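What follows is one structure encoded as C-alpha cells, with my remarks underneath.
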Amino acid sequence: MSARPFSTPFDRERRVRSTLKKVFGFDSFKTPLQESATMAVVKGAEDVFVCMPTGAGKSLCYQLPALLASGITIVVSPLIALIQDQVDHLLALKVQVSSLNSKLSVQERKELLSDLERDKPRTKLLYITPEMAASASFQPTLNSLVSRNLLSYLVVDEAHCVSQWGHDFRPDYLRLGALRSRLAHAPCVALTATATPQVQEDVFAALHLKQPVASFKTPCFRANLFYDVQFKELIPDVYGNLRDFCLKALGQKAENGSSSGCGIVYCRTREACEQLAIELSSRGVNAKAYHAGLKASDRTQVQNEWMEEKVPVIVATISFGMGVDKANVRFVAHWNIAKSMAGYYQESGRAGRDGKPSWCRLYYSRNDRDQVSFLIRKELAKLQEKRGNKPSDKATLLAFDALVTFCEEVGCRHAAIAKYFGDAPPACAKGCDYCQNPAAITKKLDALERSSSWSKTCIGPSQGNGFDPELYEGGRRGYGGFSRYDEGSGGSGDEGRDEAHKREWNLFYQKQMSLRKGKEPKIEEFTPPDEDCPLREASSRKIPKLTVKAREHCLRLLEEALISNHQAAGSTHGADLQAKAVELEHETFRNAKMVNLYKASVLKKVAEIHKASKDGQLYDMESGTKSCGAAAEFSEPSDYDIPPTSHVYSLKPKRVGAGFSKGPCSFQTATELLGKSHSQKQAPEAMLEGGQEPPGWVCDLQDEDRSKPHPGYQEKALGSSVNCGDPSPEKKTKGSSQGSAKARASKKQQLLATAARKDSQNITRFLCQRTESPPLPASVPRSEDASPSCGDVPGKCTQEVGAQGHLVAVFQTEGPRERPSTCSLRDQSFPEGQPSPLKETQAEKRPRPQQGNPERRAQKRLRPSTKSSILAEAKDSTLASDRSTENKVAQEPCQLSASGTSLREAADIVVRHLTPFYKEGRFISKDLFKGFARHLSHLLAQQLSPGRSVKEEAQSLIKQFFHNRARCESEADWHSLRGPQR
C-alpha cells in the first residue's frame, strides 16, 4: 500500500503543507532539501535515501507522509531509548503511534496487537527494533498486515548500522534485507546522519533498495558549530581549562540561577565520568555523571535533571545522547578521543540543534590515543579469530586514523570532516581554531613535538654530537658503535673523548649505586606480645607478616560482633564473650596460611555474626566452627540421614576389615539395645503414616555403598559395641540382627549387599506394601541371601511378593552381578502412584504435606497393569531381561532416549555439532548461528525417529541443511527444514 492517492500534484502539495501546519506546527520546511525528500516519500514511486546532519529534520521526512497514508508505517530503530523519545514527541502532537518492544506490559501488548488486527487500525506509526523484526513472535502480526495490504512504508532509521564499514555496525540490521524483500510492494525509506560513499553503497545493497533510488544528501558542514582541539600535555591545569570552557559556552546565568543552555562531556570510562563530575563540581560547575554502572532509577533522575536544566552539565559515556532530543545544547566536549571520525561527528553534532552558535572541543592526548588504538586492535583480533579477516576490518583502523589526523595535522577542522565524508571543502569562515588563529595552532603542534611524551615516539639523539643521556651509554650514535673502526685511524682526540666518557659513566654508576644502597628494604622485626595478651599462641609466627597487633584488632572485631549479637538476640544468660572470640580467632589463625586468607576468614565470621544479629538469632558457635572447615566431630545420624560425601571412602565396594579400625569395644546392656531398636522401628512407621516412604527403600538405587557405610560411621550410628567373637543369640532380634550384620565385615555381609543391589533394580520391590510386623524370634534363622530391603520387614512384604509367583525364589537364587549404570535407572518406568526412587532419594529430607489415605495409595500401587508386566515373566526371562539391560548400558552409557530428551540436552548436542560449520564461515553472522541452533534444538526436543539418538538426528539434519547450501544467510533458509517424523 502506497500513500493515499491524490488527484493532482497540487492537491498532494496542499495536503502536505496543511498537515505540516496543523500537526507539526511549522509554516514551512526547514530546508528545500527536506521538502524535496518529504515530497518524494509522499509520492511513493521509488525508494528514498536521506542523509542529513543531526538536527536537520530527518524524522519529518517520513513522519509526515505516514500520517497522509491510509495504512501503517513500520519504523525500525536501533535503541529503545531512541524509540521512546520519538514516540513521546509524536504523542505530544496527538499522533497515533505505538512501539512494540520487550518493555511493554502484558496488557499494553495485548491492546496493541488487538488494534493491529482491526480492519482499520488506529495506529499510524509502529516503532520496532531490528531484533523484534526478526523475532518469531512478530511474524504472525507482520504476515497479517501484509496479507491485508495494510503496510504503507518501511522506514529504517540510523541506516548506517547496516554497513560493516560504518562506525556503529549491528549484525541484526543485516536481517532487514530479507524483511525488505517480503515487503516489496511498500516503499522503503533509509535515513542516517553519517554516511561515507562506501557506507552509502552498503546501505543500498543490504536493504535491497530498488534502483533508481531517490537520494537526498546534505553536506556535513554545520556553520554554527565551532571545532577546536586542546592538547592535554600542554595544559597545566586541564580540569580548570574544561571549567573555563563550560562557563564560557553556557554564558551568563539567569536571575533564578539557571543557565541559558546545557552541555555534554563525553568520557571513555565510567571511572573518568565520576572523577570528572567531581572535579567540575568542586570548581563551581554543577555536573553529574551518567553511565551504565548506575542504577536505572539514578540514570533516569540524572537525565531528567539535565533535560530540565537543573543540572547544566552531564558527564557521560558515549551511550548517552542517541535517545535525547534537546535543542539548546551549547557545547559538547570529548575528554578522550573517540574511536572514529564518524562517531565523533555524530556525538559532537548533538550540540546546536537550534541553529545557535555552539562549541565542540576535543581534549587530545597521546596516551589516550595509544589506549584506544590498543582496544580497537584487540577487538579486531577477537573478531578475526572467530570469522577470519574481512576487508571492512581496515575501515575501523582508517576511521580512527582519520580522527588522529584531524587532531595532529595543521588544517581546517571542518575541511577534515568534509574530506572524510566525501564532501567539498566548506567555507569555514573562522568556524574552527585553526581558521581563527593558524599561527597559534602551529605553535602548539611544534610544542607538542618537543614535549617529553612525543620524544618517546622516535629514539634519536637530543644533542648535536649524537649523545642521548636518557639512553644506555648515550644510545647507538652516542656510543659510536662500529663506526669507530670504520674510520681507519682514530686520532688522539677520539681517545680523549672515550676516556672522558668512561669517567663520566663511572661517576654516574657510583652515584646510582649509592642511591640504591639507601633504599634497601628494611626487614620487619617480630614484636612479641604483651604479658596480658588474650590471644592463644600469640607468639606463634605460623603466618608470615602477621603481627600481634593485627591479630588483636581482629579479636576486637569478633568480640564486638558477638556482643552486638547477644544484644540483638536478647540473650539474658551471662557468657564469656571474650573467651568465645578468642576461640574463634585462634581457630581462624590455625586454619589460615597467609595473611590475606586469615583476614578474609575473620571478616567472613564477622559477617556471619552480623547476619545472625540481623535475623534476631543467637550466633551458634558450633555451626560457625563447622562452616569454616575446622575439625569437628560428626553428630550421630538418624536412620533417614544420608551420610555426607566425606564419610564415603569410595564408590566401589571395599573389603571391610582390611584397613579400617574397629574402634574400642564398650559394654552395652541388652535393655539399651532393645530400646534403641524399638525407637528405630517407630521412625519408618511414622513416615509411612505421613505419606512418605523411608529413604532406606531407595538408598540402594543411588549407590551400592549406601547399604554398607563407612565402619566408623556405622559405629556412631548404631551406638553399640562390636565384639570380637560371635554375637549371642539374645541379640538376634529384628533391630539387633541388622546392626550386628552391618557392624562386622564378612562374606555374609557382602552377599547381602549384592542381593540388595540386585533387588534394588527389580520393579516388584516397589509394589510391596510396608507394614509393621513383630520382630523375628531368636529361633528363626535369617536367610543369608535375603535382600536387606525385604529383610527389614519380612512379614507381609515377603508373603505378597511370593503370591505374585516365584519371585522370592529369584531373589534368593540369583548370583552376584555387576552394578548397573545409573542411566539405566532413568529409563525404568514405575507403577502409577509410586514416585521414582531417584526423586525420592533427593527429596527424602524435604517435608511433604499429607497426601490422602495411606491405604488408598497402597491400593493404587497394587493396581494391575493392562500391559505385559514383569510380574508375569518367569525366572529365566527375568534374568535374560536383566542381562540385556546390562549389555545395553555397557554399550551405550547414558544415551538419550526419544521420550526423555530435554531441550537443554538437545541444545548442547546441536551446538557441539554445529560449531565447526560456524568456524568455517558457513553462517553470515553469529545471530544466525544462534537462531538456527535454537530452531534445530526445538525440532529435536519435540520428536525423534524411532531407534535414533539425538546425536544421529542432529547430524542428519545439519547435513541435510548444508547439502545444497554454501552459507546460511537468513532465517528463511531453515523455514523449510522439518524435524524427524516418528
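Glycine is no exception: its Cβ is also placed from the backbone N, Cα and C atoms.
For Gly57 (ATP binding site), other Cβ atoms within 10 Å of its Cβ number 22. For Met52, Pro53, Thr54, Gly55, Ala56, Gly57, Lys58, Ser59, the entry in Swiss-Prot reads ATP binding site, with the evidence type sequence analysis.
What Swiss-Prot records for 39-213 is domain 'Helicase ATP-binding', and it gives sequence analysis as the kind of evidence.
The domain 'Helicase C-terminal' annotation in Swiss-Prot covers 241-398, and the record cites sequence analysis as its basis.
The phosphoserine annotation in Swiss-Prot covers Ser489 (among others) and rests on similarity to another entry.
Per Swiss-Prot, phosphoserine is recorded for Ser492 (among others).
Annotation source Swiss-Prot lists phosphothreonine at Thr527, citing a large-scale study or a structure entry. Over all protein chains present, the Cβ of Thr527 (phosphothreonine) has 9 other Cβ atoms lying within 10 Å.
For Ser728 (among others), the entry in Swiss-Prot reads phosphoserine, with the evidence type similarity to another entry.
As a whole-number mean, the pLDDT of the region 'Interaction with RAD51' (653-726) in this prediction is 45. Taken from Swiss-Prot, the feature region 'Interaction with RAD51' covers 653-726, and the record attributes it to similarity to another entry.
According to Swiss-Prot, the motif 'DEAH box' annotation covers 157-160. Look at the motif 'DEAH box' (157-160): DSSP puts its residues at 2 helix, 0 strand, 2 coil.
Ala56 (ATP binding site) has a Cβ environment of 20 other Cβ atoms inside 10 Å. The record gives Met52, Pro53, Thr54, Gly55, Ala56, Gly57, Lys58, Ser59 for ATP. Within 8 Å of the mean position of their Cβ atoms, the other Cβ atoms in that chain belong to Ala193, Thr218. Spatially close to Pro53 (ATP binding site) yet at least six residues away along the chain are Ala193, Thr218, Cys220, Arg222, Gly349, judged by Cβ distances under 8 angstroms. DSSP assigns Met52 (ATP binding site) to coil in the three-state reduction, outside any helix or strand.
Summarising the environment of Met52 (ATP binding site), the number of other Cβ atoms within 10 Å of its Cβ, over all protein chains shown, is 23. Taking only the Cα positions, the spacing between Ser59 (ATP binding site) and Thr527 (phosphothreonine) is 75 angstrom. The Cβ of Gly55 (ATP binding site) has Ala327, Gly349, Gly352, Arg353, Asp354, Gly355 as same-chain neighbours under 8 Å, each 6 or more residues away in sequence.
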